[in-house]
Every structure is written in structure tokens, then in C-alpha cells.
Amino acid sequence: MQSKLLHLHPPCFPFSLSQPPHHSSFLHLPHLKHHSFPHLKHSSPKSPSLSSSSSSSSSWSLFSSISNNTNLDSNTNSNLSPTSSSNKTFTSWDFATLWISMIIGIPSYYLAGSLVDLGMSWWQGIATIFLANFLLLVPLLLTSVPGTKHGIPFPILARSSFGISGAHIPTLLRALIGCGWFGIETWIGGEAIYLLLPSQLKNSIPFAFVPLLGLDIYLLQFICYSIFCLAQICIIWRGIEGISKLEKYSAPVLVALTFALLHWSYQNAGGFSRMLSLSSRLNRSEFWSLFFPAITANIGFWATVALNIPDFTRFARSQKDQIIGQIGLPIFMSLFTFVGLAVTSSTEVIFGRVISDPIRLLGMIGGQWTTILAIFGISLATITTNIAANVVAPANALTNLCPEWFTFRRGALVTALLGFAFQPWKLLRSSESFVYTWLLGYSALMGPMAGIILTDYYLVKHMELNVDALYSRSPQGAYFYQNGFNVVAIISLVVSILPIIPGFLHKLGILLNTMKLFVVLYNNAWFVGFFLSSLIYWVLSGRKKMNI
């Protein structure tokens, strides 16, 4: 059973394309090209928080590379400045459609189909996915609140707990994971084009199947990857209008394509009763052995987005809008994954074996129009998820690191380059290494960072922030701490990661033998890191409210 537990995503030809999204920060910036930001001033720890009444009408371009307001600290630019009241335009519907666009994609389908492939029945898979997303909803909504209340993105919120300079630690870690996911999603999109291209066309391209030196992929695969990557960059480069339109109109199209696939399965399997006839292949002990790693994997699926969600809730009209718009996450995820579970279960009836790879399934269905619709649907689903989930955090992190040079566009371009540097085809080659090296591995980072940030905001700062001081490098600033770093946060992060390392090294094969306890801790990495870091940070902070 151990080997099956490690195999949450089945391998795909020629490489495993399984991938829990995203999993990564999603992108849906406001529909406005220009922003008016409040007047910011350097302040001491006791200076009052920024209020809407103190704002001035300075116009900013969202993609402006350098702020022209001399009153702004050099520690920021317009991409990171607080969102003014006039630019808080996101409604609950905007958040709901954003999540729908991100959820409907190949990674979510794989996540669902893999549970059936591992032996769960369809209802056990639905229950596991719903519970995991319901649990994740708590930190997601808690992290959303400061973004809406103060109008600040994740890199700025992180300064409250980690310090003005220390905030680079969580933002860059989050950014690197986002870059990895961007590469993985782009590889999935490019591989869909590669696998669904007619064989005659493939064979007519010169040197199509020549391996690229040192990269262990074919030239044609690289070409498909590059085309898909350039398509995304073009959308990003057109600015916020192009991204907003893509997100706005993609949701209904993706829903229609999803139901079309479900209808095909219904017709060919002979109704829902036969589609869902595949029963669980696990006994009680095997089920519980699979259940907890599956819960952790599902938590990790959206853990990155849950961390940097203030990048988007900063544009919400109200707390009510962001809560109502996002509270449907478990429902949306369960509904779509039901399609993955049902269709995957039906393949046992239709083809005599379980096919959890939707790209391979679409290729087996055949037909010219099926191929065209498949490429269109997979491309649209992957682009909307990738741009939304895996571009904003890296771009904002780079802007936070070097605000005088980086803009959102430049940050997005660097994200694409680093995504390729991750060599996603190697990450996806083995489902076992992908899930337990990549997914659970980075969840060991996401949990501690989320625990520290939430404990700082709710238990230490009691939901009160000095927004001016978050943008100030003054040594007297409330968040300057020790030379810009909050040692308490760094200690909490490191100590909460340490117990996870033995299990991680064991999964890599570096540590051949280890205690079963460390394996259990690693299989529940997000939970262990979240609660341990929260406790350590709370204790070391003295449970005293800062005088800000």
C-alpha cells in the first residue's frame, strides 16, 4: 500500500502530466488601467493608520515601472501601493468566476481521477476533496481579510510579521513555487498540443523527434511548449484588459466543455448507474492510509493561493463580497472533480480499464472536431489557471524585491523564464516524485508561512496595522524590527520546517531509513508546519500587542 500512497497522480505518455494546480497564486487584477493611490508618508510606529480621508487624487498606471510620487518610499512602486477606495471594484461574482476559471482545468481533473485510480470509489473521492477544500477555506478567508481591509498585497502584508526586509523570504519562496507551477502548467498545455497533433503532421516536421541536447525532450515538444508559453506572455503583455476579458468569458466556455465531456461519458457508458458502478478497491485500513495523504495533497493543491490571496482581495468592494465569492470553493471544486471522478470511473466500463489522463482519453475518442475542441478546451483551461494562479505572486515578489526596476510585465516575463528552468518535464515524469517531492515538499513551506502571518495579524497585532509604516524603511518604523528582519518569524519558520526534513529526504531516497514518525509528519506537512509555526511565533512574540 505504501507505493500506492505515493502515487496520487498516474503517469502519462510520454511523461506524467498530472498536476495539482496550480497550484500556485491566482491572477485577476481589476478591470481598471489606472489607479489612484493615497498619499503615503514616512511615519513612526505611533503614527496613525492610513485612512481614506487622507488620500489624494494621484493617478497611477498599474504597470508603471517607477512611481512618480516623491512622497512614496523607495520601498515600493505603484504595483504594491495600497488600493484606493475607488479601485476596489471586485464583486462576489468576480471572485466566484475567478475560482471557477482556475478550478476547471487539467490539474483538478487529474487530482480527482487519481483517487479513483488509487482505489477510492467516486463518493469517497468527492468526500475527500470536499473536506480538504472546506478545511483550506478557513486560512484562505482569514488571509483574505487584511487584503480587503487595508488594500495591501501579500508582499506588504508579509512585512508585518517578517519585517520590511525579512518579507523577501516568504515572498520569494512563494514566487519560486509559482514559477515552478507556471512551468508545469505550460508543459501540460504544450504537451496537449503535442499529443493531439495528427501523426502525419508530426512526421512531416524536420527534426521533430530529435532529442534536445541535455534537456531530454524532443524538439517538437519544446516547440509546442514555447508556442504555449508565448501565447500566455502575449496575453499578459496586453495588460489588464486582456487578462480580465479572458477570465470573464472563459468560465462559461469551460463549464460548457466540461458538461460536454460528462455527456459523452453518460451516453457511452449507458447512464450514471453504470458510470458510477466502480466500487472501492480498498479495505478499511487501506482507505485510511490513503485518506490522510490525500487530504494533505488536496490542501497543498490550493495552499499557494491561500497564502497570497491578499493580492486579489485587496480589490474587493467589501469583506462580504470576498467571503461570498470565495466560500463556494469546496462546492466548485467538488462539482468539477465529480466530473473527473465520474468520467474516469466510466472509462472502466467503456474501455475496460481506468484512464485518468484526460488528454489521452480525448485522443482515444478521436475525430477531427473532437481534437480541435480538446486542444481549445485544454489550452483555455490551462491558460486561465496558469495566468491566474502562477503569475501574480512571482511578479509581485520581484516588484517587492526591486521596486525601482521590476514591473508586473517584467516580473511575469522572468516567471516564464524561471518556469522553464525548473524543467517541468522532469518534475512530471514520475507521479511518485511529483506528488511527494513537489506537492508535499512545498506544502511544508506554505503551512509555516501561513501560520506565522495569520498568528501575527490576528493574535499579535489584533487586526491592526500601520499601513504607512509598512512602506517605510525608517529604523524607527513599527516593522523594521532588527535591521529590517523579525528574528521571531525567521526562527518560527526554520524550527517548524526542521521536523519535516527527515521525511522529505526519505522520500528523495537520500535518507534510506527513518522513524515512522517522520514519515507521518511529512505526509501531513502542511498541518504540522501551520500549527507548529503558529505556536512558536505566538509564544516568542510574548502574546503582547505591538504598540503601533
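Quick reminder: no glycine exception, Cβ is built from N, Cα and C everywhere.
A TrEMBL annotation is a machine prediction, not a hand-curated record.
Annotated transmembrane segment per TrEMBL: 90-110 (among others), in sequence order.
Taken from TrEMBL, the feature transmembrane segment covers 122-142 (among others). Among residues of the same chain six or more beyond the transmembrane segment (122-142), those with a C-beta under 8 A of the stretch's C-beta atoms are 111-112, 115-116, 276, 278, 280, 287, 291, 294-295, 297-299, 301-303, 305-306, 309, 322-323, 326-327, 329-331, 333-334, 337-338, 341-342, 345, 450, 454, 458, 530.
Residues or ranges marked as transmembrane segment in TrEMBL: 175-197 (among others). Residues 13, 15, 17, 19, 21-25, 106-107, 220-221, 224-229, 232, 304, 359-360, 362-363, 371, 374-375, 378-379, 382-383, 385-386, 389-394, 396-398, 415-416, 418-425, 427-428, 438, 442, 445-446 of the same chain sit 6 or more residues outside the transmembrane segment (175-197) yet have a Cβ under 8 Å from a Cβ within it.
What TrEMBL lists as transmembrane segment is 217-237 (among others).
Look at TrEMBL and you will find 249-267 (among others) tagged as transmembrane segment. Panel annotation: around the transmembrane segment (249-267), residues 97, 100-101, 104, 275, 336, 339, 342-343, 346-347, 350, 358, 365, 373, 377, 380-381, 384 of the same chain, lying at least six beyond its termini, place a Cβ under 8 Å from a Cβ of the stretch.
Among the features that TrEMBL reports, transmembrane segment is placed at 287-309 (among others). Within its own chain, the transmembrane segment (287-309) has Cβ neighbours under 8 Å at 1, 4-5, 8, 20-26, 102, 107-108, 111, 115, 118-120, 124, 128-129, 131-133, 135-136, 139-140, 143-144, 147, 153-154, 170, 174, 177-178, 181, 280, 329, 389, 392-393, 396, 435, 439-440, 442-443, 446-447, 449-450, 453, 523-527, counting only residues six or more beyond its boundaries.
Positions annotated as transmembrane segment by TrEMBL: 329-351 (among others).
The transmembrane segment feature in TrEMBL is assigned to 371-393 (among others).
Marked as transmembrane segment by TrEMBL: 405-423 (among others).
According to TrEMBL, the transmembrane segment annotation covers 435-459 (among others).
The transmembrane segment feature in TrEMBL is assigned to 480-501 (among others).
TrEMBL lists 521-540 (among others) with the feature transmembrane segment. Counting residues 6+ beyond its ends, the transmembrane segment (521-540) has Cβ neighbours under 8 Å at 5, 139, 161, 292-293, 296, 299-300, 303, 436, 440-441, 443-452, 454-456, 459-460, 488-489, 491-493, 495-497, 499-500, 502-504, 506-507 in the same chain.
Outside the transmembrane segment (405-423) by six or more residues, the chain places 62-65, 77, 79, 175-176, 178-184, 186, 215, 225, 229, 232-233, 236-237, 390-391, 394-399 with a CB less than 8 A from a CB of the stretch.
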